[in-house]
Amino acid sequence: MEPERDPAKPAATIDGRIMRPVPARLRRFLVENQVESRPHAATEPLWLNRGVWLFVALGLILRTIRYAQNLPLWSDECFLAVNFLQRGFRELLEPLDNGQIAPLLFLWAERAAVVALGFSEWSLRLGPIACGLASMLLFERLARATLRRLPLLLAVGVFAVSVHPIRHAAEAKPYASDLLTALLLLGPAVAWLNDPSRSRRLWLLAALTPFCLALSNPAVFVLGAIIAVLAMPVWKSGRWSDRLALASCLASFVGLSVVLHLGFGRTQSAGAIAGLQNYWSSGFPPLGTPWKLPGWLLAACTGSMFAYPGGGAHGLSTVTFLAFVAGAAVLTRQGKGRLVVCLIAPFGLTLLASVFHRYPFGTEARLMQFAAPAVCLLSGAGAGAAIEWIRSAGRRRRVLGAVLTGLVACGIAPQVVSSMIPYRMLHDQEAREFARRFWAEQGRDAELACAHLDFGLDSPGWQGRQAWYLCNQAIYSPQRRAHGGPRLDRVSTDHPLRCVVFEQDPDGAPVRAWLARMRTEYDLRSQSMREPLVTLGDPARQAPERWRIYEFIPRSKPTGEENHVPMETSNNER
């Protein structure tokens, strides 16, 4: 017989660990807040668990396929990527060309990839695809901590196949890292709300705070919401370890916000904020015409911000928004009100920032990727609850089957389309294909140089279509990939130096000054021009780009004596 346990001694758990009594104050706190532990995968039906993991696998595969398609760089990527051509880590602290604003850690990660692997579409998108794949795995954990049964399955399914997280996981912009940081911050916050007895979740949140704020600018909205929501329950828990952890989080939040946003961010945005505010204008509330405010807010909430798994502007995301509202109501009735506020509050902080013209609200899904976890969780909860409310089991199965089939189709169809039309804009493809031919052809019997990169023809600032030219040259010029630029010691009469000037007026002061400098060491032997036709604008129209080629040989005449060399012009070409 087993000896009777002394009631004065603590009981042991099944694995032999000693269970300490829960303080009465904490026990009351747990009861008042209706806290439930994280649902484990084993508590779900086998078919549902398999469905969740199949969607996770599908999400990973779709993101990998998008990366493997190696689409040409598009404008948003080119405008940022040119900053990695000649800048070092220190120079990335300065204002960026083309009015770009990006978080410091993202810039350094991109620069490190370029240094290690060379400048290419693959290296520029390596960080974002890593963020995209990690986000898929983290979202599954967050969804299991938040939802059960059909809401869990549908939330994971929506996130796995949604077009925007997939697309931005293969773009050289910080949108994928915005999504990753939101998940990193929400994970420990939700875990603590589920089980406030474990202080290490809050310490994990404090440890992640510096990393997330340095990697993502809109992480301030997510973290600010989390701190505001957790403040009261942390204080009421009576645990000084929890209070100290959240205080550390708050201190990091305030300190790093000052350093990164008022320091580095203000320097970076000094010359760009006016242009961005003009571009973002539709994302700012019309306070001057308050009667338009309800319509503006409704358009934002039923537009691209809620385009999960698909949707768009002009009310195309209305169904997702309604499911989102229903999901928030369902979780609130289940006693998860604080969790719902934690998910919704970043929208409110973003709206507040838009009032002061510091960040747009809802105009583009790419700028709201930090809100994707909330949209997918709550819309999945709403859609799952709606299906569970169907009384007929047969009808419920048919509706669920149709929804799951639709989700799979939403994930696969865009990848099929992008494999058939492998570009965002036709100009992106045209620019890349011409660069592939041009740089290989011109470098066969000459040293090939770029007047912009190698001889400083331009001044920093807005580059327009020159951004495509510079990026594609860095990727597809064999000499630049192999040697980093022209080897001037190899220039001779039989092996001339060819310098390319893109879209510059040959009679303009910058080109004339550059030619004068070149003629101190070289003779201009010939000049020609290529005019490939490219597709621009909406509606699309064709227009020529002007690539001028100046061919130099070592100087043979005294300085100051110049020859006039006529321009040879080619026909327009594709």
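Placed from the backbone N, Cα and C atoms, the Cβ positions cover glycine too.
Unlike curated entries, TrEMBL annotations are predicted automatically.
Straight from TrEMBL, the features:
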{"type": "TRANSMEM", "residues": "151-169", "note": "transmembrane segment"}
{"type": "TRANSMEM", "residues": "175-193", "note": "transmembrane segment"}
{"type": "TRANSMEM", "residues": "205-232", "note": "transmembrane segment"}
{"type": "TRANSMEM", "residues": "244-264", "note": "transmembrane segment"}
{"type": "TRANSMEM", "residues": "314-332", "note": "transmembrane segment"}
{"type": "TRANSMEM", "residues": "339-361", "note": "transmembrane segment"}
{"type": "TRANSMEM", "residues": "367-387", "note": "transmembrane segment"}
{"type": "TRANSMEM", "residues": "399-417", "note": "transmembrane segment"}
Interface check, the transmembrane segment (151-169) with the transmembrane segment (205-232), three or more C-beta pairs under 8 A: no
Two-stretch contact, the transmembrane segment (205-232) and the transmembrane segment (314-332), at least three Cβ pairs under 8 Å: no
Best-contacting stretch, by C-beta pairs under 8 Å, relative to the transmembrane segment (175-193) and drawn from 244-264, 339-361, 367-387: 367-387
